[in-house]
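Student: I have a structure I would like to understand better, so I am pasting it below and will then ask my questions one at a time.
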């Protein structure tokens, strides 16, 4: 489909390296924030650490640990690169093939292809709005029935992948908090049931045509949660008392810190732009209060982690005992 629609490669590269959103409205800004959270999911930060830890290697042999880290790094890069390419193909195909199309345009194409779903698009000149549900129908009308089923299988696979990573992440985290020592079957059954049951209820009782809005909201929420995963992970992987010879060097500390700062700035920019576009005083006030709380908590977490990394001049009061706890390897 990417080859068929032949997008402008120059504009594609420009969009990859110089992000911009010309004449964007509220829905587009929400999706822009969501893309950050959907691609860099906060819970996967913990999952990757757990997967590295799960490798059966001799921890006393530094060479084996380095080898395990190297291969997992390669494995993660390949997986993320494939995900990146798929995202480019999906976004580009929809942007190039269906941008500025009207409902009447799609209705006519669907009718000509004898699609049973042509009634989804009223015969008017309003701009086409594509969501997860209608997206597959549009692809089926333009590229044939096979595209419709490929889209459905892809969405199902993406949903299963997302559910499994979320469940595994929760499982690894809660094992540490609850000190669970159940059998693997019982542990997986409990954690999967807790994760999947609410999803089943939503899927059963919610109209499938309105699930896209909830999905966009969850992606935005994950984007806002990123600092709460990235800051502690960067801190713990930079502590020599925890990582020994494998602690982050100065380059990775600075690069990681700048990345976290960039993500926070992107989040706040899009949140402010999103709320301002709603033109509601009550929402302005609510967003301002939530933004202050959010930034305050991020600042507190950053301050605590900087103290743990050795910035003792920032320490005061009870934070000394907290940082000592972070440095205790055997606690």
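Glycine residues also receive a Cβ, built from the backbone N, Cα and C atoms like all the rest.
From a predicted model like this one, the values you see are computed outputs, not experimental measurements.
Got these off TrEMBL a minute ago, pasting:
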type	residues	note
TRANSMEM	72-95	transmembrane segment
TRANSMEM	137-158	transmembrane segment
TRANSMEM	185-205	transmembrane segment
TRANSMEM	217-239	transmembrane segment
TRANSMEM	251-275	transmembrane segment
TRANSMEM	281-314	transmembrane segment
Student: Count, for each of 72-95, 137-158, 185-205, 251-275, 281-314, the Cβ pairs lying under 8 Å from the transmembrane segment (217-239), and report the range with the highest count.
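Tutor: Comparing 72-95, 137-158, 185-205, 251-275, 281-314 against the transmembrane segment (217-239), the winner is 251-275.
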Student: Taking contact to mean three or more C-beta pairs under 8 angstroms, with sequence separation of 6 or more, is the transmembrane segment (251-275) in contact with the transmembrane segment (281-314)?
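Tutor: Yes, these stretches are in contact.
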